[in-house]
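Participant: Provided herewith is a single structure, encoded as structure tokens, for subsequent inquiry.
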Amino acid sequence: MVANSKESETLTGASAVTGLPQKRFYRQRAHSNPIADHSFNYPARPEDVDWRSLYPSMGDDQQVQFADIGCGYGGFLVTLGEMFPEKLAIGMEIRVKVSDYVIDRIAALRLKNANEATTYQNIACIRTNAMKYLPNYFQKSQLEKMFFLYPDPHFKRAKHKWRIINQALLSEYAYVLRKGGLVYTMTDVEDLHTWIVSHMTQHPLFERLSDEEANADPITPKLYQSSEEGAKVVRNKGEHFLAIFRRI
């Protein structure tokens, strides 16, 4: 699989002040139908993924350990890169313009911070459908952390099967997560939160962290405002519903 990081290209719509891409040039609808037949270039198996094209500075023994599923415009992914410079984190986004924005954003951050302590060489984004192709990218027990932040709630009952958390997909997540690995979920929709907690706690390979454990995690405070969607919820004085689960 050839992955294009676009670092050598001129960034379309980049701000003359910051050098970073501007979201107004990458607007797209809030969600995309995960069941529709989108056209994706995906690997046949994890061994075929050209990770070095995404992480030029990665070591020979390094693997991607963090996955931000439905990473949106990449705000939380950037935060992960800053918090864990020694870890490789991937953002997976189904919307073409949004994934283009994140790819361009990372390229601009790498260029701008080439001589800084944080170079953003440890984060990358790919356009894919994680509901279909996750096992094509990751080996068994490869991931340490997975993030599902403000996923599409699919309000209509007939579309609940499209929700990113369901019993069938949880078995795939358990496959790519190592034992002791964590799944972080955050939403501003209480009904979806209830759905997530119900399905995760019913699955035999996941257990929910206690409030004390969740609050002690250094990532937890970042879940509320690091992503663009989370920041919007804060601006609108909405509620956040957090649940973190451990792979057992």
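Note that Cβ sites are derived from N, Cα and C of the backbone, with glycine treated the same way.
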Participant: Can you match one of Gly70, Gly81, Gly180 to the S-adenosyl-L-methionine site that Swiss-Prot gives for Glu93, Ile94, Asn129, Ala130, Leu149, Ser227, Glu228, Glu229?
Facilitator: Gly70
Participant: Check Gly70 (S-adenosyl-L-methionine binding site) against DSSP and tell me helix, strand or coil, would you?
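Facilitator: Once the DSSP labels are grouped into three classes, Gly70 (S-adenosyl-L-methionine binding site) ends up as coil.
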Participant: Provide the number of Cβ atoms within 10 Å of the Cβ of Asp152 (active site), excluding the reference atom itself.
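Facilitator: The Cβ of Asp152 (active site) has 19 Cβ neighbours within 10 Å.
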Participant: In whole Å, how far is Asp152 (active site) from Ala130 (S-adenosyl-L-methionine binding site) when you measure between their Cα atoms?
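Facilitator: With distance taken Cα to Cα, Asp152 (active site) is 13 Å from Ala130 (S-adenosyl-L-methionine binding site).
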Participant: How big is the gap, in Å, between the Cα of Ile94 (S-adenosyl-L-methionine binding site) and that of Asp152 (active site), rounded to a whole number?
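Facilitator: That comes out at 12 Å between the alpha carbons.
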Participant: Within 10 Å of the Cβ of Ile94 (S-adenosyl-L-methionine binding site), how many other Cβ atoms are there?
Facilitator: 23
Participant: Given Glu229 (S-adenosyl-L-methionine binding site) and Asp152 (active site), what distance in Å do their CA atoms have, once rounded to a whole number?
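Facilitator: Distance between the two Cα atoms comes out at 11 Å.
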